[in-house]
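To keep things clear, I will list the structure first and then write my remarks on it.
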Amino acid sequence: MSGVITKFAVTSMVMWMAPVAIMYGFYYQVFPGVSQMSSSAQTLASGFLAVISVNLVIGFYICMAMKETPHQEPQPDPTFLANAKASINQPTSSQVNEDPKGKGKVE
């Protein structure tokens, strides 16, 4: 269980830090060629890349979760099973009888 929480915490931190780092890099012109872009182009590019980075992190997290093997086979809830079996074996309160004209009549 702690492995799942660790993966979630690390992924959450990366999902927060990646867009901030991209925005920081564009704002302070850390990336090469950014200084030659117009202000609106820098804003658009940094925004698009920040959104893409979050989507990539989410996709990576989903892939990690799908590759994870379950530790035990899932078991149904025993109370739910008992109630379900009891409801199957219980007779219904309304039964349909046929009248001579062929129409169903509920008693």
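Yeah, the Cβs are placed from backbone N, Cα and C, and that goes for glycine too.
What TrEMBL lists as compositional bias 'Polar residues' is 86-97.
According to TrEMBL, the compositional bias 'Basic and acidic residues' annotation covers 98-107.
The region 'Disordered' annotation in TrEMBL covers 70-107.
The transmembrane segment feature in TrEMBL is assigned to 12-31 (among others). Outside the transmembrane segment (12-31), and at least 6 residues removed from its termini, the chain residues within Cβ reach (under 8 Å) are 42-43, 45-46, 49-51, 53-54, 57-58.
Here TrEMBL flags 43-63 (among others) as transmembrane segment.
Tertiary proximity for the transmembrane segment (43-63) is limited to same-chain residues at least six positions away from its ends with a CB under 8 Å from its CB atoms, namely 7-8, 11, 14-15, 18-19, 22-23, 25-27, 37.
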